[in-house]
Amino acid sequence: MQAAINELESLAYGVSLAFASEFNGHLNRMGRPPLTVPMIYDLQTTDDPRDIVHRSVQALVEGQVIGVPSETVYGLVASSLCPAAVRRLAQWTAACRGWSASSSPTGSEASETDKVGFVAPPADAGSIALCLRSGEAAGDFLMPMTMLARRLSERCFPGPLTLIADCDDSVSAMSCLPESVANTLRAGAGQDTSLAGGPVAFRVSEHRLLSHIHRYLSAPLVWGEIGLPDASPPTTAEKLQSALNAGTGDSLPLLLDDGISRYGDEGTVVRVTGNHWHVQRTGVIQQAAMNQFVKPVIALVCTGNTCRSPMAETLLREALRRKFGREDVARVVSAGVAAGHGSGAAPQAVEVMGRRGLDLTGHASQPLEESLMSMADLVLTMTRRHRDAIVAAWPDRAEHVFTLRRDGGDVSDPVGMPVDVYEQCADQMVSELEGWLGELPPDFFPSDRPGEGPDDEPPQHNVGSE
């Protein structure tokens with residue numbers, strides 16, 4: 001039955017195109033714009049979503065701009081290998097958002113086909129972005145990738161974040177895209193393309209349709225966001241078409257309808273330069289959550305998470321407080337490779353920390369799990385055996401795992417020993433932790449102020465527990 005319906009739809013569409021072709025001839029002779037016949041597919045009622053995916057891929061490969069849903073808003077997409085389609089997408093986006101032309105869009109040496117004709121204003125930077133198939137693919141384009149950019153791509157892709165970061169074409173896969181497409185992407189990120197290199201906006205959508213489309217394409221998509229005349233985001237297919245009609249008078253040749261978008265709002269846009277970051281547009285991810293996403297996660301690991309690692313966690317917090325004036329520049333946690341849930345710290349550990357004015361009475365043990373390992377920027381183990389066990393379980397995270405002792409040695413287990421042994425253990429850990437803080441790269445701790453380390457004022461809100 002569905003096959004018959006699809007055949008009838010194709011026949012009707014063909015008749016419509018034939019009529020449109022003849023009618024467009026009359027419009028052309030009258031000096032009026034051509035008629036576009038939109039094809040709308042409802043993803044929620046179709047019996048054959050694969051057919052919609054195949055038609056979408058065919059349209060993209062043929063150089064068309066189509067309308068698609070995402071988890072945030074509906075947007076325009078074009079193949080990054082089709083310069084004419086990307087140029088049309090950019091023109092529509094610029095027209096709908098009211099961007100003014102740039103006086104020197106791509107430099108005096110650029111050909112007419114390479115000139116972009118606009119630079120996105122700061123408030124709209126990221127409205128044109130390179131839409132990648134996965135967070136892993138971001139590593140090919142976000143080059144050289146800073147620690148902060150890597151952190152955000154690992155934690156927020158796929159999802160409602162657009163990340164604007166600098167790309168060096170000599171090492172980035174951006175060099176594989178047509179020059180005019182690269183220029184358009186940089187202009188869409190707010191960069192005057194008369195300058196060499198510069199920032200590009202990236203996003204990875206978690207919508208299933210875009211994931212399926214990416215499987216059939218050899219290159220990323222270019223994403224464009226347009227707004228309605230009242231500046232509200234197009235959260236339905238109908239609103240996207242209305243916004244395009246209002247801004248340009250044009251219609252989309254293909255529009256995919258999946259109902260109201262999941263979040264019903266624009267994604268958050270963040271600009272990253274080195275270890276500096278700032279939110280250029282607040283959207284689904286609020287500032288409070290971004291404050292947490294940018295923080296490095298440092299994990300201290302022993303066996304049972306009741307003696308050494310809880311003391312190391314507490315001592316590291318204190319070391320951060322002394323160095324930066326606050327401890328929440330990083331999320332510091334501890335865990336054990338053979339720990340259970342909820343055990344308190346050893347009494348001797350509590351006493352030793354108490355002598356130093358530090359409170360360990362509220363500690364609750366936890367095992368080292370995937371959720372922590374996937375986010376940890378630095379894992380410091382008490383022994384080499386701990387490190388070996390972690391690397392064996394998570395080989396892809398090996399570059400983040402080290403022994404606390406910088407010489408590769410072990411911090412002896414004081415379990416069952418007198419308080420004085422715990423005191424000696426704590427002294428050893430203090431020395432090693434201070435050494436680590438002195439050796440971490442400059443961009444390990446993020447800043448929301450240019451050229452600084454962690455900002456002086458703590459965030460107003462915190463998301464999640466420390």
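Keep in mind that glycine also has a Cβ here, set from the backbone N, Cα and C atoms.
The domain 'YrdC-like' feature in TrEMBL is assigned to 50-285.
There are 28 other CB atoms within 10 A of the CB of C302 (active site, nucleophile), with all protein chains counted. Residues annotated as active site, nucleophile in TrEMBL: C302.
Sequence-distant neighbours of R308 (active site): residues of the same chain at least 6 apart with a C-beta under 8 Å from its C-beta are L300, C302, M382, V411, D413, P414, C425, M429. Summarising the annotation, TrEMBL assigns active site to R308.
Of all Cβ atoms in the protein chains displayed, 16 besides its own lie within 10 Å of the Cβ of D413 (active site, proton donor). Positions annotated as active site, proton donor by TrEMBL: D413.
Summarising the annotation, TrEMBL assigns region 'Disordered' to 438-466.
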